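K.L.:
If you scroll down you'll find the structure; I have some questions about it.
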Amino acid sequence: MSKANSILSILAATYPDAHCELNFSTPFELLIATMLSAQATDKKVNQVTEKLFRNYKTPESFLTLSLKKMEEAIKELGLYRNKAKNILATCQILIEKYNGEVPDSMEALTQLPGVGRKTANVVLSNAYNIPAFAVDTHVLRVSNRLGLASGTNPDLIEKQLMNSIPRSQWIQAHHWLIWHGRRICAARNPKCSECPLSPLCPSTLLPA
DNA sequence: AACTCGGGGCA
DNA sequence: TGCCCAGAGTT
């Protein structure tokens, strides 16, 4: 059993019900929620989208909002000018090019303004169940600490993880690493004393 | 590779 | 008060 497999099996046992913590009921809602989640906490994103999606559920309805109204609706998430502008522009493209639907390919998704590789992977895996590995700050940090990957380039980390993890586990592994990063392997003051991976971890703060 | 956007939560 | 939060685009 490889080290990666050992780590993955422990993560699987530790977080048996790991899942996407952004609330959504359609691919469109997940796309918007993920665009909003940049450098914001999922808790705040859910608070904002709960109100937003109550009255606006489609690209068409979003376009009834002025840029200023959109900015006000999402202001507390930060980076709100870029997010508001990109979301409205994306809604326009969804209507013009995709019949108001959210496309299910990396090429089409990353062509949308404000949608990068990470957001596209989240939509592909969580809305369309297409195997993908979304590398965010948690996945980057945790996989580096555990020795599952190395480097600061998210695209290269994504390739390393896809090479060492079975395709059938990509979506779950992504969630395991994020849940672990949030609950134990935090950016600041990681709780190594509570970590089930500590014996296997090259970066553990515990004495050998 | 570094810089900018950015309000909010938390130690 | 400083650092981080389920990033993306530009220089």
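Keep in mind that glycine also has a Cβ here, set from the backbone N, Cα and C atoms.
Summarising the annotation, TrEMBL assigns [4Fe-4S] cluster binding site to A:Cys185, A:Cys192, A:Cys195, A:Cys201. Under the heading domain 'HhH-GPD', TrEMBL lists A:36-183.
Have a look at these and tell me how they're positioned relative to everything else.
P.N.:
There are 16 other CB atoms within 10 A of the CB of A:Cys192 ([4Fe-4S] cluster binding site), with all protein chains counted.
Confidence in the domain 'HhH-GPD' (A:36-183), given as mean pLDDT, stands at 97.
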K.L.:
Given the binding-site residues A:Cys185, A:Cys195, A:Cys201, which one is most crowded in terms of C-beta atoms within 10 angstroms?
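P.N.:
Selected residue: A:Cys185.
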K.L.:
Given the [4Fe-4S] cluster site residues A:Cys185, A:Cys192, A:Cys195, A:Cys201, which other residues of that chain have a Cβ within 8 Å of the mean position of their Cβ atoms, reported in sequence order?
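P.N.:
Leaving out the recorded residues gives A:Arg145, A:Ile184, A:Pro190, A:Lys191, A:Leu197, A:Ser198, A:Ser203, A:Thr204, A:Leu205.
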